[in-house]
Amino acid sequence: MERFKALEQLLTELDDFLRILDQENLSSTAVVKKSGLAELLRLYTKSSSSDEEYIYMNKVTVHKQQNAESQDKAPEQQNPLTNGEPPQPSSAPQKSLPDLPPPKMIPERKQLSVPKIESPEGYYEEAEPYDTSLNEDGEAVSSSYESYDEEESSKGKSAPHQWPSPEASIELMRDARICAFLWRKKWLGQWAKQLCVIKDTRLLCYKSSKDHSPQLDVSLLGSSVVHKEKQVRKKEHKLKITPLNADVIVLGLQSRDQAEQWLRVIQEVSGLPSEGACEGSQFTPDAQRLSCPKPDITEKYLSASECGSPIDGHPEVPETKDVKKKCSAGLKLSNLMNLGRKKSTSLEPPDRSLETSSYLNVLVNSQWKSRWCSVRDSHLYFYQDRNRSKAAQQPLSLLGCEVVPDPSPDHLYSFRILHNGEELAKLEAKSSEEMGHWLGLLLSESGSKTDPEEFTYDYVDADRVSCIVSAAKTSLLLMQRKFSEPNTYIDGLPSQDRQELLYDDVEVSELTTAGEAPEEATPATDAPGEPDPDRVYLDLTPIKSFLHGDSGARAPSPTPPHQDPPAETLPLPEDSDPAPDEPLIKSPENPELQMQQESQEPEEPSLGGTEVKLQAGQQKTSPSPSCPDTVAVTPAGSSPPVKDRLKAASPEIKLGKNRTEAEVKRYTEEKERLEKKKEEIRGHLAQLRREKRELKETLLKCTDKGAAASLEQKLREVDEECRVEERRRVDLELSIVEVKDSLRKAEAGPVTLGTTVDTTHLESVSPRPKAATPTPAPDCTPVNSATALKNRPLSVMVTGKGTVLQKAKEWEKKGAS
């Protein structure tokens, strides 16, 4: 009897002790031992109960039948209220058998599954479906070990849980630092409850305790973790884990104690110091924002009203899928709405193509803090978050500063900002690409001439160095283009006192090179009644005559021979008197042609003041100030000075033909130079590739470790040089394409300005001289100017309303788009 009493007391004390352990934070080994002990206690009490029941039933006598029937009815009446649990005994047992444990432990601790008093009617089979050990796989660890909220007043409200089987649970928890069922944030803001286990230095997430392969396996070495606490309907606790080479992980916990416990374990595993209990400014790298949405103030944690189950409670595993189905649509819709709000509330200008702001880790008082850093106006600004509502520290002036990469094993992508050797700030990026991007930004804003390739990068991985250098060059180039890219329509606008067109300068420069003195030309040009200084444009109707030959002679002038009139286009005077002493052959049709041109002068107002500009053509004309309409042909033996003057006075020279030819020549030479440079780069690339191939073959055959290390270093250098040359080749190809396009436009001539030739006007003036002019001698044939202009390849540009400049700009915009 004493042994049974001692056993009864042992069971009671052991059950109380296990209940106390449920309230404590245990190590993984203690948790495993406690679970095994609880399982053994359950099996023992169940097996001993059945033996006692068997003995008890066999000892019933006829005289005690009434008592036995009353005892059989008692559990039958109380069974619906206790879900098959043992009721309180109404009377002492008939035999001196071990009593059941006190009834106070039965409703509160169902994990032990205290044996039930069964009856012959088969209540054992009916009570079996009510056992929670069959259906509560997914909630055991979370509720039994860590799920104790500050606001949880009654534990009887939450459903009891336990591990489904020792082979499923203990195997996952073996050698674990900590484990629990936690909410994990998934794609598009959905939450899923998973078994989270930290073993060694890795975080493992299982869909249920029966799974043997984790859905998520991430190394926590070097990762940062932040605890965020919100007061929405109930306190929400989230841990945001940022691994080095993986997506951000957000875990939802049910109490502050549980969150602090997990935070402490993760910090011990990662080896990073704490960033504060409720630091809320941790960030997500750009490459990870696509797969994991950033936590925002507008995002709501999965609460009881949204999912139909309390946060501090734990739904049954069969209901988990239904919960997800109920909540997934609402989460997706609310998340999409939140994404729209994020875009609308962003303070960044929408037209900015170069990103000059992002989150960086900043070393503050020997601790790394996440700050929103922004570069503008040669200053680096630090903010608490991306809303820029609160400045974290004073802005840093970047003028005259140096940027130096300073990687370390714990902070691979850190760099320093120095001024005269003194460290002003130490920053850390999240990836090699982001580090290169910021190096380029800071180099551009500081005015440093240092090339990103000149930095010393203490990395073994050549790809990482190449990524940093490439990103730095890209951001540096974009910053330079942002402030120095020319704009055709706003840069270099002509001033009021400046001449309007470039063709004026062409005329003056050509005359100066021809050796003509402007002082002597002034009396001839300033004729009475000709106050207009702009003589670049020609009126279409009183047009100059063009000759078939390559050289032409000017009509004689009453001025002395030593005075050379300037090569300007003058308005046509009404009469002209050729000098009789000039040995020129006059055409007999000159008076008729003169009358024809004089008769056309009244038609000039009908053209609306239209002026044309001669752009191209091989014919040359030389109008005289006194006799511009006299057409003559010079014999083949003309003197060289006359030819020089004719060349200088050519309208093509005055009106831009040589300018077009000069552009064609310049673009042609530029294209040839770039082609030659491209061939040199190709040859160098081929040589580098041969050298790389030979190094690889030598490295495969090499057995000496020292020589192999030097060969590997040389191979990395050659590989990096190949990448640099390949980028140069690509840039050169793009430059060649641009030069070819410019050359094609230059060869097309001024027609690309979008103007057209008014052929109807040319045809209206051409029939009259044809009818009135007989066939002259071959050596003195006058040329009808309108016919010559019509036959020339679009050399005269006629516009109806004087909108040449407007059409030119429209055409340039069309070509640019």
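Note that Cβ sites are derived from N, Cα and C of the backbone, with glycine treated the same way.
Note that the coordinates shown come from a computational prediction; the quantities given were computed from them, not determined experimentally.
Listed in Swiss-Prot:
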MOD_RES   Tyr56  phosphotyrosine
REGION    63-164  region 'Disordered'
DOMAIN    175-271  domain 'PH 1'
DOMAIN    353-447  domain 'PH 2'
MOD_RES   Tyr413  phosphotyrosine
COMPBIAS  512-528  compositional bias 'Low complexity'
REGION    512-657  region 'Disordered'
COILED    652-748  coiled coil
COMPBIAS  754-763  compositional bias 'Polar residues'
REGION    754-786  region 'Disordered'
COMPBIAS  767-782  compositional bias 'Low complexity'
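Looking only at the domain 'PH 2' (353-447), the predicted model's pLDDT averages out at 87. On its own chain, Tyr413 (phosphotyrosine) has Pro407, Glu428, Ala429, Lys430, Ser431, Ser432, Glu434, Met435 as residues at least 6 apart in sequence with a Cβ closer than 8 Å to its own Cβ. Helix first, then strand, then coil: DSSP counts for the domain 'PH 1' (175-271) stand at 18 helix, 49 strand, 30 coil. In the three-state DSSP scheme, Tyr413 (phosphotyrosine) falls into the coil class.
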